[in-house]
Amino acid sequence: MTRPALSSAFILASASPRRLDLLKQIGVIPSAVDAPHIDEAALPRELPAAYARRIASEKLAAVHPRHAGAFVLAADTVVALGRRILPKAEDAVTARRCLELLSGRRHKVIGGIAIAAPSGQSILRVVRTDVVFKRLSTAEIERYIASEEWHGKAGGYAVQGLAAAFIPSIAGSYSNIVGLSLSDVYAMLTGLGFGE
Ligand SMILES: Cc1cn([C@H]2C[C@H](O)[C@@H](COP(=O)(O)OP(=O)(O)OP(=O)(O)O)O2)c(=O)[nH]c1=O
């Protein structure tokens, strides 16, 4: 099946290959990728949704000025256990700690999406997906750690890989967990006149 490509200049302000693939899935082919470099530390007592919104908007603000006249999209994915923001796993110790916390529990994946239009107008959305993890044995956690699939992932897992075996139910957008809720991106882009 060929997907019709939508045509305005579109900058993806994200280094995430997942986000690039997700956009391609709905026929949005970025003309360029320009990754933001910002401080992603949470503020004291900052709640997960406020954090996702702030970071997505700061990523957009870091990249947008370099691309006047284009659509620019930035996003952030946060794994939240109650009021607690889990880290992006960059090492095995962090990934193991995340999996131990998620084991046998329900958590939220919160996606912040920020898009600027050539008109200068910009919009922000926060999208929530509920994810249930089965109880994980120590052996399951160690096998998952050995897979390295947790690397660079919020909350230390990737639903699009082996971790799918640990997730009996999801409520809400699946693509939001992977990195970008596609129905929300589509609604935001069409609302801003993209592809007209
Ligand atoms: C929970 C989960 C997260 N992830 C990924 C999506 C994001 O790439 C990453 C969260 O980190 P982000 O900070 O949202 O994004 P990033 O650092 O990859 O890219 P950039 O800041 O340049 O936009 O975790 C998955 O791929 N699968 C999952 O199931």
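For all residues, glycine too, the Cβ spot is worked out from N, Cα and C.
Curation plays no part in TrEMBL annotations; they are all automatic predictions.
Straight from TrEMBL, the features:
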type     : residues : note
SITE     : ARG18    : site 'Important for substrate specificity'
ACT_SITE : ASP76    : active site, proton acceptor
SITE     : THR77    : site 'Important for substrate specificity'
SITE     : GLN160   : site 'Important for substrate specificity'
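Features recorded in TrEMBL, as mapped to the structure shown.
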residue : record                                     : CB count, 10 Å
ARG18   : site 'Important for substrate specificity' : 17
ASP76   : active site, proton acceptor               : 26
THR77   : site 'Important for substrate specificity' : 28
GLN160  : site 'Important for substrate specificity' : 17
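Distance between Cα atoms for ARG18 (site 'Important for substrate specificity') and GLN160 (site 'Important for substrate specificity'): 10 Å, as a whole number. Between THR77 (site 'Important for substrate specificity') and GLN160 (site 'Important for substrate specificity'), the C-alpha separation comes to 14 Å. DSSP assigns ARG18 (site 'Important for substrate specificity') to a helix in the three-state reduction. DSSP gives GLN160 (site 'Important for substrate specificity') a coil state; it is part of no helix or strand. Secondary structure from DSSP puts ASP76 (active site, proton acceptor) in a beta strand.
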